[in-house]
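Have a look at the structure below before the remarks.
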Amino acid sequence: MGKMCFSLVIILLLGILNVGKAEIYIVTVEGEPVVSYKGGIDGFEATAAEFDEKIDTTSELVTSYAQHLEKKHDMLLALLFDRGTYKKIYSYRHLINGFAAHISHEQAEILRQAPGVKSVERDWKVRRLTTHTPQFLGLPTGVWPTGGGFDRAGEDIVIGFIDSGIYPHHPSFASHNTEPYGPLPKYRGKCEVDPNTKKDYCNGKIIGAQHFAEAAKAAGSFNPAIDFDSPLDGDGHGSHTAAIAAGNNGIPVRMHGFEFGRASGMAPRARIAVYKALYRLFGGFVADVVAAIEQAVHDGVDILNLSVGPNSPPATTKTTFLNPFDATLLSAVKAGVFVAQAAGNGGPFPKTLLSYSPWIASVAAAVDDRRYKNHLTLGNGKILPGIGLSPSTHPNRTFTMVAANDVLLDSSVMKYSPADCQRPEVLNKHLVEGNILLCGYSFNFVVGTASIKKVAETAKALGAAGFVLAVENASPGTKFDPVPVSIPGILITDVSMSMELVNYYNITTSRDWTGRVKSFKSTGSIGNGLRPILHKSAPQVAIFSARGPNVKDYSFQDADLLKPDILAPGSLIWAAWAPNGTDEANYCGEGFAMISGTSMAAPHIAGIAALIKQHHPHWSPAAIKSALMTTSSTIDRAERPLQAQQYSGSETLTLVPATPFDYGSGHVNPRAALDPGLIFDAGYQDYLGFLCTVPGIDAHEIKTFMHSPCNYTLGHPSNFNSPSIAVSHLVGTRIITRTVTNVAEEETYVVTARMAPEVAIETNPPAMTLRHGTSRKFTVTLTVRSVTGAYSFGEVLLKGSRGHKVRIPVAAMGYDR
C-alpha cells in the first residue's frame, strides 16, 4: 500500500495533461428537458409537473420524450459531422436538454453556429472539496427519538452522493447487523457489478451504485488501475462523506489498537445511492458530474450531497448562477431534490465561495468542541505543547532524545532528507532503540511526500520509545491536524517551542571536533494525547472555510444574495475510509480517517435534511433549507457570539467576531429545524424571477439555460424569498419584501430588527397572526445613515407566541449614490 500513497499535489505538479486536438464540450440545444416540457410537440404529451415535485421517470410519457430528445442530439451531430470524427459522451435529457461530446475546436465553432444550438461550452474541472458530531448536535436525545430512535432515523429517505464512490464492505454501510432493508419502489437506480468479483455494490443500505467516467476517459485522465472502472472508492473521500450523512450508528472507530469512540451518520437509517464522478488524481469533469446528477434525479433520490465544486467561478458564462452545473442543480430542485453543497476551502479570505446559487444549500465548516492536545516534558522541566493522537511514554520515566541527523548510518544518505524520518534503513537502530527520536517537519510533509504515519512506522521499526516532530519554520496557512499513531508521538507546531527544544538538545549534547555526537544527554517524556478535551468556545468557523460575500459574475462583483447559507461541523471529523484510499497519506490502508474540509460539513446538512424530509415528506427543498437556516444558532456553547478563525500577522491563528459572510445564518440546530414555526418557501418560478432580476444578466442567456422567458421580475434580487437578506449597493432607502408560511399551529409573531448603526432598519407590520398553512408578507426597510465602505450586519427576528423563534441575517453596504 505504502508505494501507492503518492501525494495528490505532486501528481498535479507533474501536470498529467493530455493535450490533444479534441476536447470535451457541453452543448445545450433548443427544446425543453423532461422536467420542464409542457407539451406542444405532436405525439409527445407534457412531462413537466404542475408544481415542483418528483416526476415519474418510468412513465411511458417520460421515456418516449427522453428518447425523442436523444434522437435529436444524435441527428444533429450526424448531420454536421462525419462518422468517426466525433464522440458523443452523454445525452442530457431530464434536467437540461443537451449533450457532452468529444470534438475539435473547429467542430465546436460549427456547432455554435448551427440552428437550434443554444450554448457550446468547453468542459471544466471540479474538485472535491464522524464519531462525536451526532452528540455535539444533540441528535441522539433531541431528534432521533422523534423518528423512532436511531434505528428508524432517516427511514426510506435516499441520499445521493456525487463523489469518489464507496467502499461497500465497510461496517458503516453493512446491512447484516441491522433490521433488513425492504425494497423501496420509489427509487429506480441500479447497482453496477464489480468487473473482478462479479458482485454488485448494493446490500439494501447501499441502494444504488453507478460510476461516470466517460469525459475523464475521453480526456485521457482516467487510469483504471487506480481510478477503478466501477463505483469502488479509489480515494476514501466518497466513503467518508457517505458515512457522515448516513453511516450506521455505533460503529467502533478502531486504529492502532485504540478506540476513538463510535461513529454514526446523521441519519443512520437513510439509504445511500452512489454516483461516482470524482477521481483521485484529477478531481472530475463537469460533463461526468452533470451526467451523475441527471441520473440521481432520474433514479429518485430525495437529497443530493455535493462535496464538490468548481475550481473558480466559471469564466464561460457572464454570471455565476448560470452554467450547466448550477442549471442542472436548479432542475434537480424543481424535481423536489434538496441539494447540499460544500462552500469551498479557500478561507479565511473574502469571496472564496464556490457555491453561489439560491437553490443550493451552501455549507460552511465549523470546528466543534473536541480538541486533541498533547505535551512534551523536557529534562529541564519545560513543558512544550503540541498535537499527537498517541499514548504516553512509560509513566514516571524520562527517555534520552536523539536527533535523526545525529544517528545516520552513513552521511552519504543526506540526499534522502533523513531528518524527515521516512526511511528506517538510513538510521542506526542501536542508537535509536529505547530512546525518543527527534525529526524535522519539512516541506515534504506539506506537499504530502512525507507523512506522520511513516514517521511512526520508522520509529517503531527502530524500537524507539517515541518520536517528536518539530516544526522549525511554518509557511503561512499551514494546517496541522492531529494524526492517530500507534506509539508515543507528538508534533510541536509552534516554531518558538520547536526552537526551545532544539536549543535544549544542542546545549545538552556533547560533540567532538568533527561534530559527531559523543554523548546524548537531553531527556524527555511524551504525554497521553488520546483523550479529547471538550471546549466551551465551540462552534467556531474553521480557518479554511470559504467566506462570502457571494459573487454574481466572473469579475467578482458582489451578489445580492447572502452566502454561505449555514454552518456545520467540518473540522477533524472521524468517519469511514476506503483501505485503498490514498487521498490522505496518514490514513493509507486504514478503515477510518479524521479529516477536515467543507466536504465534511455538507454531508452533515444532507443527513439532517433527510431527518427533516422524513418528518415532513411534502416539504419543498426551499422549505427544508429555510427550516435549517432560520433555527440555526449564532452563539457558542459559552453563550457568546460565534467567532471565526482568522490569521493575525503572517501565520498565527486568532479568533475574530464572526459575521454572516463566515457562517451564513448560523450553526445548524437539528432539533429546532424539525419544528421551525414559519418557513420562507420558494419554487422554480421564484428562482427564475431572481435570475431575471440580477443586474447585467442576459435574458437570452437565461432562456438558453432555463427554457423559460423572463415574464416577471422581483424588482430587485434582494426581494427573492430567501431566509437571509443581502444588499451589496444600498443607496438611500430600499424596501425589501419577504413572505412567510406557517407550518405549525396558529401563532402570533412579533417582528423586530436590529442593525449596525451605519444602516437604519425598520420592519412592517410590527406583528402578524398566521393560521396553519397560511402565508403573510412583511417588509424590511433599509436606509443608509453613513457610508463606511464596509458591510453592516444585523438581523430580523420573528418571535412567536407559542415559543417559535425565526431569525434571518441581514448584510448591506451603503453608498452615497
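Numbering starts at 1 and runs along the chain as displayed.
Any Cβ shown, glycine's included, is placed from N, Cα and C.
Features reported for this protein in TrEMBL:
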- 1-22: signal peptide (SIGNAL)
- 25-127: domain 'Inhibitor I9' (DOMAIN)
- 154-638: domain 'Peptidase S8/S53' (DOMAIN)
- ASP163: active site, charge relay system (ACT_SITE)
- HIS237: active site, charge relay system (ACT_SITE)
- SER599: active site, charge relay system (ACT_SITE)
- 719-811: domain 'Subtilisin-like protease fibronectin type-III' (DOMAIN)
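Mean model confidence for the domain 'Inhibitor I9' (25-127) is a pLDDT of 88.
You'll find the Cα of HIS237 (active site, charge relay system) roughly 9 Å from the Cα of SER599 (active site, charge relay system). Here the Cα atom of SER599 (active site, charge relay system) is found 10 Å from that of ASP163 (active site, charge relay system). Helix, strand and coil counts from DSSP across the domain 'Inhibitor I9' (25-127) read 33 helix, 29 strand, 41 coil. Its own atom aside, the Cβ of SER599 (active site, charge relay system) has 28 Cβ atoms within 10 angstroms in the protein chains shown. Secondary structure of the domain 'Subtilisin-like protease fibronectin type-III' (719-811), assigned with DSSP and counted as helix (H, G, I), strand (E, B) and coil, comes to 1 helix, 63 strand, 29 coil. When other Cβ atoms within 10 Å of the Cβ of ASP163 (active site, charge relay system) are tallied across all protein chains shown, the result is 28. For HIS237 (active site, charge relay system), the Cβ neighbour count at a 10 Å cut-off comes to 29, with all displayed protein chains included.
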